[in-house]
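Asks: One structure follows; several queries about it will come next.
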Amino acid sequence: MLLFSSSSLQLREIFFPRIFSVFVKLNFLNSRGFSSDSAKALAAGISKAIKEGNFNLLDSSVYGSNLQRNETNLVLLSLESEPNSALKYFRWAEISGKDPSFYTIAHVLIRNGMFDVADKVFDEMITNRGKDFNVLGSIRDRSLDADVCKFLMECCCRYGMVDKALEIFVYSTQLGVVIPQDSVYRMLNSLIGSDRVDLIADHFDKLCRGGIEPSGVSAHGFVLDALFCKGEVTKALDFHRLVMERGFRVGIVSCNKVLKGLSVDQIEVASRLLSLVLDCGPAPNVVTFCTLINGFCKRGEMDRAFDLFKVMEQRGIEPDLIAYSTLIDGYFKAGMLGMGHKLFSQALHKGVKLDVVVFSSTIDVYVKSGDLATASVVYKRMLCQGISPNVVTYTILIKGLCQDGRIYEAFGMYGQILKRGMEPSIVTYSSLIDGFCKCGNLRSGFALYEDMIKMGYPPDVVIYGVLVDGLSKQGLMLHAMRFSVKMLGQSIRLNVVVFNSLIDGWCRLNRFDEALKVFRLMGIYGIKPDVATFTTVMRVSIMEGRLEEALFLFFRMFKMGLEPDALAYCTLIDAFCKHMKPTIGLQLFDLMQRNKISADIAVCNVVIHLLFKCHRIEDASKFFNNLIEGKMEPDIVTYNTMICGYCSLRRLDEAERIFELLKVTPFGPNTVTLTILIHVLCKNNDMDGAIRMFSIMAEKGSKPNAVTYGCLMDWFSKSVDIEGSFKLFEEMQEKGISPSIVSYSIIIDGLCKRGRVDEATNIFHQAIDAKLLPDVVAYAILIRGYCKVGRLVEAALLYEHMLRNGVKPDDLLQRALSEYNPPKWLMSKGVWVHDKPMPD
């Protein structure tokens with residue numbers, strides 16, 4: 001590569017020999033160039049000399065004194081078809097001090113596709129002349145070329161010569177040359193990167209006329225977007241204010257585009273820009289406000305959204321359909337149905353023509369909240385407005401009616417769809433089929449399924465899932481399993497919902513082994529269980545007494561990346577509570593709090609019970625007080641748990657204090673509350689107090705239950721007044737309260753303690769006749785009664801009967817049998833002495 005110097009005469013003599021025979025003194029027609037013939041002759045001569053490579057420096061007294069700068073550029077242009085010759089001539093002219101135009105040689109090279117060479121020549125110019133050289137040169141020698149201008153701008157930007165790049169752009173636009181958008185954007189980026197936003201503001205009007213709108217992003221929008229992306233918010237806002245104060249025209253459309261981008265994740269910056277627009281222009285329109293209203297609604301900041309809505313109205317801008325629908329939808333999604341409906345009514349009152357989408361979404365909100373009455377009102381208003389429902393509207397109403405159990409009304413809506421020539425969607429069918437299945441009408445559900453197939457609608461996994469769930473809830477598990485296999489035959493992939501339905505169905509039938517088989521199938525089919533799956537399987541393990549397995553499943557959820565919900569925690573906590581392992585239950589509750597899972601009042605009630613089981617009275621009291629002072633209101637179960645807990649630990653004064661608090665609640669004491677207190681009074685032999693409490697129950701309208709009567713009967717049975725127990729037993733039956741096996745056991749126990757074993761046996765038979773299954777307590781009472789009076793054979797027979805019915809003896813019964821030591825041959829399994837018939 002050559003590095004040029006205009007003072008290097010030695011180089012000139014080496015590279016350019018005399019060529020007097022080639023060139024003659026030329027007569028120019030005028031100052032702008034050669035005649036056509038002379039130009040061609042000069043170009044041909046130079047081309048020949050350069051190709052032969054045998055010329056020295058042109059004679060300075062002849063050529064140098066007559067060939068001016070503009071003439072040099074004309075020679076370059078005449079060599080356009082021979083770019084290599086033109087390049088060598090350009091270099092000679094540069095060395096000769098002719099100051100050839102770089103624009104001209106760039107024009108020649110680019111026209112011939114020699115972009116890399118042009119880049120190198122520009123680099124040479126920078127090396128020799130520095131960044132201050134005249135890039136355009138004698139540009140007036142030829143009309144501007146957009147490609148060359150683009151090239152020069154990009155070269156200048158590459159070297160940080162952003163002011164020269166802008167100069168080229170401005171000059172070209174003044175002459176009507178349109179620079180490609182991408183080049184203008186790159187120049188703007190370079191100006192912004194060089195912190196020369198002031199130059200953009202100075203020439204903003206030229207940039208706006210530079211052809212980058214309306215097909216592209218405006219200069220204003222581009223600059224703001226770039227500055228905001230760099231985090232230079234203040235500079236962006238200052239730029240906007242500057243161009244507005246200088247009187248440049250900025251369209252509100254440009255501002256709206258910037259606001260839309262900012263409202264996604266920079267809502268506060270968008271708010272500042274809007275404030276500036278309101279302060280210095282341009283005049284906002286309804287889209288401007290709707291953009292930010294939508295941004296606030298998506299963030300749930302409804303107060304700010306509504307404030308902006310009011311500002312829009314105050315500035316005389318009438319909200320349109322988009323404004324109202326955006327704000328209404330925001331209120332509904334935030335659960336503020338009242339405000340949403342108020343705005344909905346306001347829009348109708350002001351004559352805003354709400355469309356079917358707004359009406360349908362409004363109906364959908366009320367359907368989802370269970371307020372079908374209001375949904376119907378909105379539907380009627382829609383019809384009054386002359387707006388025809390579409391399939392989506394009808395489907396939403398069908399779903400709501402099905403959820404409300406009004407399946408035949410829903411089917412009527414389905415008829416409306418067909419009558420109006422509309423095509424039901426797959427969601428329409430799934431909603432109706434689900435409605436039929438949930439009301440137990442599987443036949444109609446499957447009939448609709450068949451109709452759907454006949455009409456050419458292929459059922460999806462949702463439809464199949466609904467039908468499988470319907471079969472499972474009806475206990476038709478073999479049909480449910482076969483239908484699931486049919487899904488696989490249709491190449492429909494089973495999902496977790498289908499498996500959950502099957503597992504739940506087997507659990508309802510107490511077929512836990514089958515439920516676990518389905519659970520294992522999920523792994524075979526590559527279906528990942530969800531929290532609901534694990535919770536159901538945990539219940540299976542708990543019901544079979546396998547708490548460790550349930551705990552393993554619980555922690556397996558964490559290993560699989562699942563977050564157990566409140567129901568999963570509650571299921572396990574309650575299980576450990578019932579199995580007298582309160583410490584583990586409390587540890588699980590602590591884990592629940594650490595994982596920030598919100599506990600409902602049911603979980604809190606279990607925790608209170610656990611605390612009392614662990615004798616942590618102060619903690620239970622503190623927990624209860626926190627509930628009262630916090631957002632979660634204790635329910636009747638909470639109060640009853642507290643009263644029962646204090647009573648179990650003989651803290652009757654505290655129990656009475658909670659009882660007094662309960663009296664002033666909106667719900668007050670119930671039957672369970674009074675039964676707890678009656679039980680405590682009976683245990684403390686305060687029969688007068690227990691009878692008085694029983695009377696209060698009748699006065700307050702609380703109906704005693706079998707447990708209430710059982711407490712009183714137990715006290716009478718253990719005292720000398722066994723007849724009192726009989727009277728209460730008869731009274732309970734007269735009032736239509738069915739005695740439980742516990743009630744019968746109390747009477748049997750009282751009779752056995754008095755040696756009235758035959759009467760006790762009759763009562764035992766009455767319990768069986770009443771379809772009650774005697775538990776180990778009932779059997780143990782009567783067996784011990786037989787043993788006490790020496791009727792060991794009958795005791796053995798009853799024991800054998802107990803085993804045949806699947807009731808396992810407890811430790812208390814085993815000790816009683818050991819004490820009376822009946823003959824082993826009587827107690828051996830399989831021996832049956834038929835001296836007295838026993839009930840089957």
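Each residue, glycine too, has its Cβ placed from N, Cα and C.
Sharing the features that Swiss-Prot gives for it:
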type   : residues : note
REPEAT : 98-128   : repeat 'PPR 1'
REPEAT : 145-179  : repeat 'PPR 2'
REPEAT : 180-214  : repeat 'PPR 3'
REPEAT : 285-319  : repeat 'PPR 6'
REPEAT : 320-354  : repeat 'PPR 7'
REPEAT : 425-459  : repeat 'PPR 10'
REPEAT : 460-494  : repeat 'PPR 11'
REPEAT : 495-529  : repeat 'PPR 12'
REPEAT : 530-564  : repeat 'PPR 13'
REPEAT : 600-634  : repeat 'PPR 15'
REPEAT : 705-739  : repeat 'PPR 18'
REPEAT : 775-809  : repeat 'PPR 20'
Asks: Give, as a single whole number between 0 and 100, the mean pLDDT over the repeat 'PPR 3' (180-214).
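Replies: Across the residues of the repeat 'PPR 3' (180-214) the model's pLDDT averages 80 on the 0 to 100 scale.
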Asks: Excluding the flanking five residues on each side, which residues at least 6 beyond the ends of the repeat 'PPR 12' (495-529) place their CB within less than 8 Å of a CB in that stretch?
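Replies: Distant Cβ neighbours of the repeat 'PPR 12' (495-529) are 461, 464-465, 468-469, 471-473, 475, 477, 480-481, 484, 487, 536-537, 539-540, 543-544, 560.
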Asks: Which sequence positions outside the repeat 'PPR 11' (460-494), separated from its termini by at least 6 residues, show Cβ-Cβ distances below 8 Å to it?
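Replies: Beyond its ends, the repeat 'PPR 11' (460-494) has Cβ neighbours at 426, 429-430, 433-434, 436-438, 440, 442, 445-446, 449, 452, 501-502, 504-506, 508-509, 511, 514, 525, 527.
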Asks: Within the repeat 'PPR 11' (460-494), count helix residues (DSSP H, G, I), strand residues (E, B) and coil residues, in that order.
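Replies: Helix, strand, coil within the repeat 'PPR 11' (460-494): 26 helix, 0 strand, 9 coil.
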Asks: Within the repeat 'PPR 12' (495-529), count helix residues (DSSP H, G, I), strand residues (E, B) and coil residues, in that order.
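Replies: The counts are 26 helix, 0 strand, 9 coil.
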Asks: For the repeat 'PPR 15' (600-634), find every same-chain residue at least 6 residues outside the stretch whose CB is under 8 Å from a CB in it, and list them.
Replies: 566, 569-570, 573-574, 576-577, 580, 582-583, 585-586, 589, 592, 641-642, 644-646, 648-649, 651, 654
Asks: So what's near the repeat 'PPR 18' (705-739) in sequence-distant terms, Cβ-Cβ under 8 Å and 6+ beyond its ends?
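Replies: Apart from its flanks, the repeat 'PPR 18' (705-739) reaches 671, 674-675, 678-679, 682, 685, 687, 690-691, 694, 697, 746-747, 749-751, 753-754, 767, 770.
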